[in-house]
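Per TrEMBL, the features are:
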type	residues	note
BINDING	75-82, 140-144, 194-197	GTP binding site
DOMAIN	66-247	domain 'Tr-type G'
Amino acid sequence: MWTLVGRGWSHGRALAVWAAGTAQRGRLEPLPTPTRGAPAEFRAWDRLYTSAERKEKIDMSRFSVENIRNFSIIAHVDHGKSTLADRLLELTGTIDKTKNNKQVLDKLQVERERGITVKAQTASLFYNWEGKQYLLNLIDTPGHVDFSYEVSRSLSACQGVLLVVDANEGIQAQTVANFFLAFEAQLSVIPVINKIDLKNADPERVEKQIEKVFDIPSDECIKISAKLGTNVERVLQAVIERIPPPKVHRKNPLRALVFDSTFDQYRGVIANVALFDGVVSKGDKIVSAHTKKIHEVNEVGVLNPNEQPAHKLYAGQVGYLIAGMKDVTEAQIGDTLYLHKQPVEPLPGFKSAKPMVFAGMYPIDQSEYNNLKSAIEKLTINDSSVTVHRDSSLALGAGWRLGFLGLLHMEVFNQRLEQEYNASVILTTPTVPYKAVLSSAKLIKARRAVQKNMIFIDQNRVMLKYLFPLNEIVVDFYDSLKSLSSGYASFDYEDAGYQTAELVKMDILLNGNIVEELITIVHKDKAHSVGKAICERLKDSLPRQLFEIAIQAAIGSKIIARETVKAYRKNVLAKCYGGDITRKMKLLKRQAEGKKKLRKVGNIEVPRDAFIKVLKTQSDK
């Protein structure tokens, strides 16, 4: 037995309220045993809801626009962004100072396992300085090239950045790429040299690099050790002094930018918003500029770093908003929200991410198709840089063709599907997009890599710019580069358009029949080695049959590689004990004729595990 009390709600309305995710005040009262008759989902929602209700709401009106600073931390991977974020949270009293504060803002399991940030996270810090209380909205961003779209989106909600550089490693590829993202957005840049406590740290050398590459005076650099907390308070003071407050108008109608979002099973879409104009509060009716749908705001607040409800959010502030959006298509990254009957000019939004790597994704069992579809839709709300198109395969069934920004991005997306949605999938080998010009003559002009520029940053570091075919770098180039340079080299890339190249379509045949799923596009110079490798792996993966299987790689009608799976052979001579040789030859001839006939009518099916094994190892060298 269970019921909802506090305002005399009925059993039916309680369920309706729960199902819709509305945040009306109430509590569950057990009668007579603790919600034993209530559905598990209802009990979970009640815990979620009542814990939010118990939090005291913050009055955000006490922060004037002049006392607000919105900033991001940007850097190359492993230069100490998350560690610096931990220290800033401690200094402002946002979290207690303990030894366990490591990667506090890295909330995903995949982030803690890999030790990298893959998802930008927001935290509102309250800081008293010179008799004034400031609201510092911090966004910690990823450092790997595959997640640069997270950085570009985060910068739209900021007026300045902390550019963190390792005192030992110095400027690396993503340091340069992220700086120019901030520079193009016309944000204030505060250079922070981290890890000065390391034995081999050379902050003076890094200062010269920053001055030479970014044209930032060396006396503007702040030298810190985020691990030990050395000089970190100077960073907070520099944020207040050097980063301007947002240019907004609170008296204008509401105009809020959705720069990130997550999906909650019970409350729907939780949108991270930056308010450029106006005010928003619980009960307001808002409209999406993208879908034109009307939603009622159930809750607003800030992330501190966990959700902290507020009475209202004001222009210039960064926070979260819940408005009962249950459909994943209702929350678009880059969307503008405004008050009902008070339309405004939509904000520019974001430039769409351009996928660099494509892979097929299929459920292991087709009965799980709808569950996997739902999981992909919910996860792409949180990672809008992934493109999704429906696809189908004769061998794997219905699935999707997904586009990613890189190989690590693909691996993390797959890992998040498994960890957050318990979805097991089959992921095919990554490929890159090509443009094919169909004409009677082949357009062949091969070009593998062209050096464009070489700049010496200092005596020990050089920056090379090359024009590479994407297919040459996307699979294992980064790993090979790290291996050859003993981990010292770094790498960043961006799209440079299409160029003509000497590419060929390679077919894989089993007993003369083309296997559609193994058709691939390769450079003409590498066709033989790739075709031979696939044939060898297929030979090891295919089960033997009662007839011989010919595995061939072909370009057009020309066979470029071949392997053979030998047939099972019954010893038809076992019953012959001596006797005339013609008897034995007759039996062997009859067996050969039977196998030849069986080969013509036999149907070869590639087992799914063998098929995936070939695909996943196709790029190995």
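Cβ atoms are placed via backbone N, Cα and C, with glycine included.
Where TrEMBL records a feature, it is marked here on the structure.
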residue : record           : Cβ neighbours (10 Å)
Ala75   : GTP binding site : 29
Asp78   : GTP binding site : 15
Lys81   : GTP binding site : 28
Thr141  : GTP binding site : 27
His144  : GTP binding site : 23
Ile196  : GTP binding site : 20
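For the domain 'Tr-type G' (66-247), the model's pLDDT averages out at 87.
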